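Undergrad: Would you mind keeping the following structure in view while I ask a few things?
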């Protein structure tokens with residue numbers, strides 16, 4: 001129990017909390033080395049984790065790392081866990097790939113006894129701290145913790161050392177169409193651009209605006225203006241001029257948004273009648289809203 005608690009507290013600090021400094025313990029030549037130390041494991045006994053958060057590796061940078069490893073060796077051990085007769089990577093797949101390319105037969109590694117969820121959390125935290133994940137990979141990592149491991153957004157934020165709002169905003173990106181998510185993943189669009197584009201309700205228009213923003217390299221502020229113009233134009237094209245809201249109604253909407261912590265739209269269809277729309281961005285977010293409404 002103490003061991004599990006120590007691992008959980010260490011997650012937000014990354015793998016440095018779980019990996020001893022190189023040289024702090026003698027590196028053995030085989031699995032007979034002390035469990036807490038650095039082992040030299042056969043490279044063919046180590047396998048990548050198909051569910052690891054990072055999916056893209058820059059080939060040019062891999063080549064550079066491979067050349068560095070040929071000259072200097074692997075300076076930081078990879079982190080693995082036992083998997084059948086071999087080992088599965090928790091963190092360090094890039095170093096492992098580069099070591100293979102460099103022709104190494106063994107790599108320094110540390111074996112850790114962790115659960116699947118702990119292994120995924122460690123991989124996610126390490127990639128976040130190294131800024132190795134693009135925004136979509138980061139969002140998909142959070143989503144897996146929520147969907148597969150049944151963590152709430154609040155629990156995810158604690159585990160990875162991020163604000164809950166950061167986790168919630170990242171998850172919102174997954175509502176974007178595939179082609180636009182691709183632009184965010186390859187850096188053509190930033191998180192700020194993506195958040196602005198989420199305000200476009202019609203899918204074809206969102207895709208067109210995203211391409212325009214990427215092609216013209218517009219700033220986030222310019223993108224926000226473009227989205228606002230698009231929304232205003234769409235309302236005019238529909239022939240439905242939005243009725244001017246009274247100060248009382250505006251105040252009510254602002255109060256609802258403050259209490260619920262999300263976007264709220266109020267439409268009056270006739271005096272005293274209308275509809276209220278409340279945005280949510282995941283089942284976890286919906287559950288949070290329902291608890292607020294039930295005053296749980």
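Quick reminder: no glycine exception, Cβ is built from N, Cα and C everywhere.
As annotated by Swiss-Prot, region 'ParB/Srx nucleotide-binding domain (NBD)' applies to 39-128. The feature CTP binding site is assigned by Swiss-Prot to 52, 54, 68, 73, 75, 76, 92, 93, 94, 95, 126, 127, 130, 131. The site 'May stabilize catalytic product and decrease reverse reaction' feature in Swiss-Prot is assigned to 52; the stated evidence is a curator's inference. According to Swiss-Prot, the active site, proton acceptor annotation covers 93, on the basis of a curator's inference. Annotation source Swiss-Prot lists Mg(2+) binding site at 126, 127. For 134-230, the entry in Swiss-Prot reads region 'parS-binding domain (PBD)'. Summarising the annotation, Swiss-Prot assigns DNA-binding region to 199-221 and lists a curator's inference as the type of evidence. Feature annotation from Swiss-Prot assigns region 'Disordered' to 223-249. For 247-296, the entry in Swiss-Prot reads region 'C-terminal dimerization domain (CDD)'.
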Undergrad: Determine the mean pLDDT over the region 'parS-binding domain (PBD)' (134-230), rounding to the nearest whole number.
TA: 90
Undergrad: Indicate the candidate from 52, 68, 127 with the smallest number of other Cβ atoms within 10 Å of its Cβ, considering only these binding-site residues.
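TA: Fewest other Cβ atoms within 10 Å, among the binding-site residues 52, 68, 127, is found for 68.
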Undergrad: Could you round the CA separation between the residue listed as 'active site, proton acceptor' and residue 52 (CTP binding site) to a whole angstrom and send it over?
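TA: Spelling it out, the Cα of the residue listed as 'active site, proton acceptor' and the Cα of residue 52 (CTP binding site) are 9 Å apart.
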Undergrad: My understanding is the cutoff is Cβ-Cβ under 8 Å with a sequence separation of 6 or more in the same chain; which residues meet that for residue 92 (CTP binding site)?
TA: 76, 77, 78, 79, 80, 109
Undergrad: Please report how many Å separate the Cα atom of residue 127 (Mg(2+) binding site) from that of residue 52 (CTP binding site), as a whole number.
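TA: Pair distance, Cα basis, whole Å: 10 Å.
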Undergrad: Helix, strand, coil residue numbers for the region 'parS-binding domain (PBD)' (134-230) per DSSP?
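TA: The composition, in the requested order, is 73 helix, 0 strand, 24 coil.
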Undergrad: Looking only at 75, 93, the recorded positions on record, which one has the least crowded Cβ, with the fewest other Cβ atoms within 10 Å?
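TA: Minimum Cβ neighbour count within 10 Å, taken over the recorded positions 75, 93, occurs at 75.
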Undergrad: Per DSSP, what is the residue tally for the region 'C-terminal dimerization domain (CDD)' (247-296) in helix, strand and coil?
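TA: Across the region 'C-terminal dimerization domain (CDD)' (247-296), the residues distribute as 26 helix, 13 strand, 11 coil.
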Undergrad: Here are some binding-site residues: 94, 126. Which one has the most Cβ atoms within 10 Å of its Cβ?
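TA: Selected residue: 126.
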Undergrad: DSSP helix, strand and coil counts for the region 'ParB/Srx nucleotide-binding domain (NBD)' (39-128)?
TA: 39 helix, 24 strand, 27 coil
